[in-house]
């Protein structure tokens, strides 16, 4: 018995050794920063000179910060348009390619290619695609006799440009997730429905769609979390403009913290954003847990 | 992760039999037409940037669009690499992404193995904390992480108490260390190790094999597919990351390719030729990686999609 215990102790000691690097890095770059994030949001820290406790001043200030709330409205607008379109397109693509036919694999590859591009590179390409005079989009519209807008520099179309670009970039990976979901739908459900004479639409409405609900929920929650943290695209494609219509909360926090060095105030802004994200993270965690307990 | 959670195509080209109804053939044609049109739309931005990168300036700025160019020029690539040190940026990104991959594979699988296969009292509590931390958005830790990096003791001119210098700011370590053992890597590897049987471990222990050797020699080689998937994802994330490197690295000589590309398109706003050349160079490594190792990409997405 004693030797078994000793063996167990040795094993445990080795286990702690194995996780030491991970836990050490975790403590330094996760635990400390999270605690500090809360602390900094009550100070006027600016890297250089001041580092004083200012109580709730930052939070009082952000309540009246019109630009901050505008950035939230901007990403809400983005999310409201982007998330449903993203779901719809990726589901349609998945259903289209959920077949065993020659060439299907090649098509999947093609639809997946845009997801490999970095946001910066994609935005760089789209700056040129959306060029008002010589861009591809307006060139194509010209064939139809339409004079296209100056996409990224008009307030009406700037956010739309980001949405279109991000859709191009992200439907491919959601298509794969949906394909996995579709292949998890038990075949016998369709068989019995067909025996009962259900139409194709009825099959979709009463079998596919309900079966895919967890996938849809997860994909949309992840898309919303991504939308709340939108930065790269807005930074490169539109630089937050025109008239701040494409400025996002992360963009604002970045500027406040690293251009104006008001890190205390930026921390308070980050904390508000984090709370918004946390709501959606908890929802997604709940769904995943409900399906399959991890621990 | 099981293999059947992954979309698989078995394309069985069936020989066209006589008497296939016309309707079916018609539907088939419609299917391929729709798929091809979408493929063209998805591929168009790639074609457009490749085309632009090889087109002389006068053809670029002309309407209607010239869809094919006969005067192929490499001048834009030459300009992109000489106006700014693109080659250096490329190398910097490569070093950072590769370091991220190696460290994540090692630390991720080491602790993933411990959490999956070894008994110790804090196993579940620690793992739960790691899982919960995955919900913390990067934006929260961004500013305090800068503070932490600046005040790492003995680094970048700092003293024991972490003051006096710049710490790890403006250093590659400031990017490598915070991401060296990503929670996702630990989680991903743990899930994979859980699927492996434990009896090999018992046998090896009886033979007197040390714990690290059991991990390194017996279990790690069995996780090659998972390691490949993780490596690809970590590389892609490292290569494409933008905001954090931009915050940490101030020295232009240390800039990553994404930073260099952004600065280029900001500073040379009308040089679309070199811009497209630069963007393509920034995309190319991931594209090549994908075409070589497609299977692992798809598996990884299916995993992250299912597990959240």
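Quick reminder: no glycine exception, Cβ is built from N, Cα and C everywhere.
Bear in mind that TrEMBL entries carry predicted annotations, made automatically and left uncurated.
Fair warning: this is a prediction, and the values are worked out from it, not measured in the lab.
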Of A:159-180, A:181-202, the range TrEMBL labels transmembrane segment:
A:159-180
What parts of the chain pack near the transmembrane segment (A:159-180), using Cβ distances under 8 Å and only residues at least 6 beyond its ends?
74, 77-78, 81-82, 85-87, 89-91, 93-95, 97-98, 108, 111-115, 117, 119, 122-123, 126, 130, 151-152, 212, 215, 218-219, 223, 230, 233-234, 237-238, 245-246
Give the nonlocal contacts of the transmembrane segment (A:15-40) in its own chain as ranges (CB under 8 Å, at least six residues past its ends).
263-264, 267, 270-271, 274
What stretch in A:75-97, A:109-128, A:263-283 has the biggest tally of Cβ pairs under 8 Å against the transmembrane segment (A:134-152)?
A:109-128
Is the transmembrane segment (A:109-128) packed against any residues at least 6 beyond its ends, judged by a Cβ distance under 8 Å, and which are they?
93, 97, 135-136, 152, 161, 165, 168-173, 175-176, 232-233, 236-237
